[in-house]
Amino acid sequence: MLTQPSIKYRPAQIIDFPARTWPSKQLKTPPRWCSTDLRDGNQALANPMDHVKKMAFFKHLIECGFKEIEVAFPAASQTDFDFVRLLIEGKHIPDDVTIQVMTQSRVDLIERTIQSLVGAKKAIVHIYNATAPVFREIVFCQDKPATLELAVQGVKHIRQLCEQYPDTQWTLQYSPETFCFTEPDFALEVCEAAAKTWQPSLERPMILNLPTTVEVNTPNVFADQIEHFITSFSSLENITISVHPHNDRGTGVATAEMAILAGAQRVEGCLFGNGERTGNVDLVTLAMNLYSQGVYPNLDFSDMRRTVELVEECNELPVHPRHPYAGALAFTAFSGSHQDAIKKGFASQKSTSSMIWQIPYLPLDPKDIGCTYEEVIRVNSQSGKSGAAWLLQENHGLFLPRKLQIDFSKKVKNHTDQTGHEMPLADVWRLFRESYRLNPDDKGQMKLMDYRSHSSNGLQEIRATLRYQEKTWQLVGEGKGLLSAMLDALRKRFNWQINISDFHEHTLGQQTKSKAVSYVQIESDQATPSFGVAIDEDSTKASLQALINACHPLYKEA
């Protein structure tokens with residue numbers, strides 16, 4: 001890299017537009033959406049889609065709610081031409097969906113394009129030519145009048161051909177390619193001339209599509225360009241202002257959002273930002289950004305995973321794990337502090353009647369797009385006490401007491417430090433069961449076989465039968481409750497100097513016949529404090545077994 005890049009690169013020009021109003025506005029309504037996956041996205045693929053993939057993609061776009069879909073560049077290849085004919089002749093286009101095709105401003109290409117659309121109920125013909133100085137002077141060797149005339153003659157020819165097919169509802173879309181670095185006055189002049197030639201009406205509307213063909217400036221500058229264009233245009237009756245942002249500077253989404261604030265009514269782009277170079281604007285992120293602000297985008301990504309899988313299969317490109325909303329890690333927290341905040345957020349959400357989503361680190365509810373909460377918190381060496389506790393709570397209904405959370409997190413961290421890898425839910429559950437003797441079929445575990453109790457002189461007396469490996473013991477104890485009576489019995493039988501330092505219990509589920517889970521921590525002169533957990537349909541038996549399980553480190557003394 002150059003230490004003085006200014007000797008090679010010049011900053012893009014900005015426009016002086018103090019009358020801007022867009023910065024104080026909010027996004028309250030969705031734009032019209034146009035997917036260009038089958039044209040702009042497809043032309044950027046190393047292996048362009050065949051008809052089977054294109055049809056699957058087309059149908060999925062319709063399922064997601066797209067009403068305008070750019071399907072081909074018919075004059076570019078026989079494959080594209082045939083696909084348009086397949087859609088029309090096969091009656092694959094719903095009545096409320098309009099297909100769009102693209103053409104350059106050349107007579108032969110325009111004629112081929114219109115031929116591909118014969119029989120369509122509705123169609124958008126998208127014509128473009130480059131208008132920026134670097135393209136006029138270097139690529140096409142044209143001056144401004146020649147560039148303007150190319151646009152006018154192309155629109156004129158399209159109009160003449162469309163008039164031959166009155167059964168189709170025609171819409172013209174004109175794009176001054178490279179609009180974002182075209183002189184504002186010249187871009188306005190060319191678009192005015194195109195509109196004057198087309199003469200838009202209610203029956204024959206027009207779209208002016210203003211692209212950031214290559215991103216060269218910050219999103220606020222493009223927003224100024226859009227608002228300046230809109231306020232300067234002579235008449236926008238029956239004309240829709242559309243934008244087509246690219247992502248060369250990584251700000252395609254912000255560019256589109258600010259353009260909408262500035263007055264754009266329509267956005268073209270691709271799912272997950274496919275397209276030439278760094279791609280087009282990502283329509284999924286745009287739509288979900290609106291959704292997370294309480295605005296229904298008129299697109300449905302309720303099954304985000306299915307959308308990801310289809311796009312990956314058709315494009316032969318992966319969706320990045322960190323991709324907003326759609327990536328495999330989009331909602332995942334490994335950090336202990338993040339996990340703790342999320343866990344507390346869910347607990348707060350459950351304790352209130354408010355439907356407003358307020359969960360730290362999660363801009364929307366993953367379930368709204370078909371994800372599970374299992375994907376939210378995952379456990380590795382960076383995780384704290386809340387991560388594993390959350391997984392056990394959400395997947396097994398266990399609400400671990402704080403002391404047990406801390407104890408188990410140490411065991412988890414020791415495991416992940418040793419392996420150096422993420423610890424999946426199945427391994428977390430296995431480690432928990434092994435650590436706190438939640439394995440009723442384990443022969444190395446002391447089990448409560450049966451017990452009887454009765455009250456005498458204000459005390460509870462318990463008679464219990466325990467089995468450990470091949471040994472069986474009969475125990476007798478008394479206390480103010482059955483748990484303290486069992487504690488007394490264990491002390492007497494095994495001479496253990498133990499005390500219960502923590503005890504919690506709750507039901508698993510909301511049903512009357514739900515099982516109970518008990519958590520017991522003991523302290524002993526003979527061993528470090530330890531925990532036991534037990535689950536049983538009998539809540540009393542669960543608490544007694546949990547106490548017995550907590551004594552596991554002392555079994556060698558028995």
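Using N, Cα and C of the backbone, Cβ positions are placed for all residues, glycine too.
Model, not experiment: these values are computed from the prediction.
The feature Mg(2+) binding site is assigned by Swiss-Prot to Asp40, His244, His246, Asn280. All protein chains included, His246 (Mg(2+) binding site) registers 25 other Cβ atoms within 10 Å of its own Cβ. The secondary structure of His246 (Mg(2+) binding site), as reduced to three states from DSSP, is extended strand.
On the 0 to 100 pLDDT scale, the domain 'Pyruvate carboxyltransferase' (31-305) averages 97 in the predicted structure. According to Swiss-Prot, the domain 'Pyruvate carboxyltransferase' annotation covers 31-305.
The feature region 'Regulatory domain' is assigned by Swiss-Prot to 439-558, with sequence analysis given as support. Secondary structure of the region 'Regulatory domain' (439-558) per DSSP (helix as H, G, I; strand as E, B; remaining residues coil): 31 helix, 55 strand, 34 coil.
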Other residues near the Mg(2+) site, CB within 8 A of the CB centroid of Asp40, His244, His246, Asn280?
Thr36, Pro211, Thr213, Pro245, Glu268, Gly269, Cys270, Gly275, Glu276, Gly279, Val281
List, in sequence order, the same-chain residues at least six positions removed whose CB sits under 8 Å from that of Asn280 (Mg(2+) binding site)?
Thr36, Asp40, Gly41, His244, Pro245, His246, Asn247, Gly252, Glu268, Gly269, Cys270, Gly273, Asn274
